[in-house]
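Novice: Annotated domain 'FAD-binding FR-type' per TrEMBL: B:1-95, in sequence order. Per TrEMBL, FAD binding site is recorded for B:I62, B:F63, B:Q64. If you look up TrEMBL, you'll see B:C222, B:C225, B:C237 marked as [2Fe-2S] cluster binding site.
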Amino acid sequence: MLMSLRHKMPEQTPDERRKNFKEVTLGYTADIAKAEADRCLQCKTAPCRQGCPVEVNIPAFIKHLREDRPDQAVAEIKQKNNLPAVCGRVCPQEHQCEKLCVLAKKGQPVAIGRLERFAADYGLSCDCEPREVGAEPLGKVAIIGAGPAGLTAAGDLACLGYDVTVFEALHEPGGVLMYGIPEFRLPKSIVRKEIDGLKQLGVTIEVNAIAGKTFTIDELFEEEGFEAVFIGTGAGLPHFMDIPGENLNGVYSANEFLTRVNLMKAYQFPQSGTPVHIGKNVAVVGAGNVAMDSARTALRLGAENVYIVYRRSEAEIPARAEELEHAKEEGVQFHLLTAPVRIMGSEKGWVSGLECIRMELGEPDKSGRRRPIPVEGSEYTLDVDAVVMAIGQGPNPLVQHTTPGLEVNKNGNIIANEAGFTSKEGVFAGGDIVTGAATVILAMGAGKKAAVAIHQFLQEKHAVKE
Amino acid sequence: MYVIEKTEELSQGVKSFIVKAPRIAKKCQPGQFIILRTDEDGERIPLTIADFNRETGTITLIFQEVGCSTRQLGRLQAGQAILDVAGPLGNASHIDKFGTVVCIGGGIGVAPVYPIARAYREAGNKVVSIIGARNESLLILEKEMAAVSDILHVTTDDGSKGHKGMVIDPLKSMIAAGEKIDLVIAIGPVVMMRGVAEVTRPYGIKTIVSLNPIMVDGTGMCGGCRVSVGNTNKFACVDGPEFDAHQVDFTGLMARQRMYLEHEKEERKCGGECSCH
Ligand SMILES: Cc1cc2nc3c(=O)[nH]c(=O)nc-3n(C[C@H](O)[C@H](O)[C@H](O)COP(=O)(O)OP(=O)(O)OC[C@H]3O[C@@H](n4cnc5c(N)ncnc54)[C@H](O)[C@@H]3O)c2cc1C
Ligand SMILES: Cc1cc2nc3c(=O)[nH]c(=O)nc-3n(C[C@H](O)[C@H](O)[C@H](O)COP(=O)(O)OP(=O)(O)OC[C@H]3O[C@@H](n4cnc5c(N)ncnc54)[C@H](O)[C@@H]3O)c2cc1C
Ligand code: SF4
Ligand code: SF4
Ligand code: FES
Ligand SMILES: [Mg+2]
């Protein structure tokens, strides 16, 4: 058999897109989608499904696309995945569904993510009906955090018939989908559409509501009549490197840099009130999705040179393959096997350079990746005036510190089992706050499981009462 | 939406708003702050909760119109609403019975000092307050401070009211006179807070300052508010805003506060009205 190649997705040219914040990839046309769907062998065993954390029935939805039924394709996907328009765009497919596709062995796997996105963009969303006006809800559930985990749990519980309120600390729901992942990769209109869908299901979303500050979890139970609480507060605490110069002006955490630009629209300053410092030469430390997003955002803001500084080699880069590819095409420059040593500053307290040291790969470490070791005497200086630290995030402790009886692990993540039960009765948790920074689809999967567990828990509780 | 129930101009460019925010009013403690956004394009700006009323579900904000966001806020009238108000943020002041507590407020810093001074007084402390401003017309909350203090000193830079000089002068006199001081709390411009820290440091008098670095979320998510305290980085919004003055890197804080000076100038070019957002 010939090498089977997947269909390319139309996209803006690199020259064009590095000047705007519009979505880079344009999505399949109906014809391309059909042709790509035709590549699927409709395998009985569907190995691709095992690669999907929520086991979307991939051959089934692709079959609908082949036969021109995008509406049913979406309905099929939504059985397992509430946010197909999002996941089709941001899942690391090459490590998940597409990795296990049988065609991957013979050439290139079916472009499952692109087809999922096509279905979501073109098919009508076939969600469940809102609870009838006046119908008695099954119970009252609070969701803390409006990221993918919380929104998924909220949607599923509303469909089951619960009265659901989502409490979100920021002024906009969406979590990382809103404040972290940039517009050019995930248009905010898509996220807003999903959130509007939830509101139509009767979900109440209360913004500016910070659990642990505005109210505590115990108060939700004792004073507001909630019977169960799901915590999906994410991994929002930025890590710094603890190297000299990190407090200089011009040093950002990726969270701050991306929040200023995405959530606060700093790229429209002064029409929008929030400023952002755009360096001429910008170093981004790290090479995950967060780092790629920061680097490509800096380019679009007008930086002349943007460097990715990463201590391992290209093989270990954790970002999605597509993002890495796009970053390269757009002209992001890679300093691999390189670690920052200190940030140099001007007299006035601004970044003036980044001293780096070259690394070589030694023996594999606990994660199985080869450990980078500094090469003595290889220090050199990158001429930069802005540095973005994208080296990971930890759990924000606000909720954990104010919720007695809620157990956390040594990293401060909430301990929850597969189903979402925590050590505290009636309190469930899932997503990045439990697993540490992971992926959208895993957070959604956790939200789905927790909705099931909450339903079961409340049904049992009510049965006992009766 | 958070409705403004009452507005008042305390002195030139300093306004006081009473805002309906029941969840916050129910929960807040002296020393805490909120973050607000006036409208869709607005910046998230932190303001201290200068007072609160749990019965009416309202909080009081006192702010100085220094730039575009505060000026835009200042244009709002009673009956209009602020789009977003999040809080209460930061840790509450550690109120306890210490003995003699000196509460120092400089300029707009008198606003956050007021509820703290009141709480120390209610906790049974002897409260000596020192409030200062550049001149008499900029002095705020004098009556209120007098009502919650055992002794109130007033200073102005030009001598138009009270003692001519700085807020540290009465503090120095107290120390020189051998008065026993158990705690000093100082809120105001960073230069003032640093000045107070230098006065009390040689005597080992416990001194607390409330820091005001540039913030975005106010929940520990961005790290923009980081300040070096005792040589480790703290996020002022969640670890503070109050810190031990003798441990704070004031020079670093001042540099970071100036981060957007050029942007702020550019923003103000759109005229006093600043209606661009
Ligand atoms: C820049 C960036 C790019 C990424 N790119 C990808 C990608 O391409 N593909 C992918 O799969 N994953 C990606 N990820 C990871 C992915 O976004 C996360 O794993 C996912 O969003 C986790 O979802 P969550 O619901 O657990 O938490 P979050 O999305 O972090 O949402 C948590 C929400 O809770 C709110 N909150 C926090 N504390 C409180 C509180 N005390 N009270 C009330 N609300 C609170 C927060 O404000 C936030 O809205 C990326 C992450 C970042 C930062
Ligand atoms: C915890 C805390 C409590 C505060 N309480 C009060 C208060 O009760 N009353 C009051 O008048 N002011 C208070 N401030 C200061 C107030 O937030 C700033 O004056 C305001 O943000 C300025 O915004 P602007 O757009 O009007 O001015 P700009 O022209 O944008 O800025 C003027 C100066 O204000 C500071 N500033 C700018 N943006 C921010 C920001 N996002 N966060 C913090 N500081 C900023 C900078 O140092 C800047 O140079 C407080 C600050 C903090 C951190
Ligand atoms: S949800 Fe993600 S992993 Fe699952 S099929 Fe869709 S793109 Fe693949
Ligand atoms: S493994 Fe590949 S070819 Fe087989 S059903 Fe799944 S997507 Fe289609
Ligand atoms: S303001 Fe963002 S962490 Fe403090
Ligand atoms: Mg401003």
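Every residue gets a Cβ built from N, Cα and C, even glycine.
Caution: TrEMBL annotation is automatic and unverified by curators.
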Novice: Counting other Cβ atoms within 10 Å, pick out the least crowded of the binding-site residues B:I62, B:C222, B:C225, B:C237.
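Specialist: Checked B:I62, B:C222, B:C225, B:C237; of these binding-site residues, fewest Cβ neighbours within 10 Å: B:I62.
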Novice: For the domain 'FAD-binding FR-type' (B:1-95), DSSP counts of helix, strand and coil?
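Specialist: For that range the per-state counts are 13 helix, 46 strand, 36 coil.
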Novice: Hey, for the FAD site built from B:I62, B:F63, B:Q64, who else sits with CB inside 8 A of the CB center?
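Specialist: Everything else in range on the chain: B:L10, B:V14, B:K15, B:S16, B:L47, B:L61, B:E65, B:T70, B:I108, B:A111.
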Novice: What whole-number Å value do you get for the CA-CA distance of B:C222 ([2Fe-2S] cluster binding site) and B:I62 (FAD binding site)?
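Specialist: So the Cα of B:I62 (FAD binding site) lies 25 Å away from that of B:C222 ([2Fe-2S] cluster binding site).
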Novice: Calculate the distance in Å between the alpha carbons (Cα) of B:Q64 (FAD binding site) and B:C225 ([2Fe-2S] cluster binding site), and round it to a whole number.
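Specialist: Per the Cα atoms, B:Q64 (FAD binding site) and B:C225 ([2Fe-2S] cluster binding site) stand 20 Å apart.
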Novice: Cβ within less than 8 Å of a chain A Cβ is the test here; which of the binding-site residues B:I62, B:Q64, B:C222, B:C237 meet it?
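Specialist: Listed binding-site residues meeting the cut-off: B:C222.
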Novice: Quick one: average pLDDT across the domain 'FAD-binding FR-type' (B:1-95), no decimals.
Specialist: 95
Novice: Expressed to the nearest Å, what is the distance separating B:C237 ([2Fe-2S] cluster binding site) and B:I62 (FAD binding site) at their Cα atoms?
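Specialist: That comes out at 19 Å between the alpha carbons.
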Novice: Based on DSSP, name the secondary structure state of B:C237 ([2Fe-2S] cluster binding site): helix, strand or coil.
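Specialist: Reduced to three states, the DSSP call for B:C237 ([2Fe-2S] cluster binding site) is helix.
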Novice: What's the CA-CA gap between B:I62 (FAD binding site) and B:C225 ([2Fe-2S] cluster binding site) in angstrom, rounded?
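Specialist: Each residue's Cα considered, B:I62 (FAD binding site) and B:C225 ([2Fe-2S] cluster binding site) end up 21 Å apart.
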Novice: Check the binding-site residues B:F63, B:Q64, B:C225 for any whose Cβ is under 6 angstroms from an atom of ligand 2, and report them in sequence order.
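Specialist: Close enough to ligand 2 are B:F63, B:Q64.
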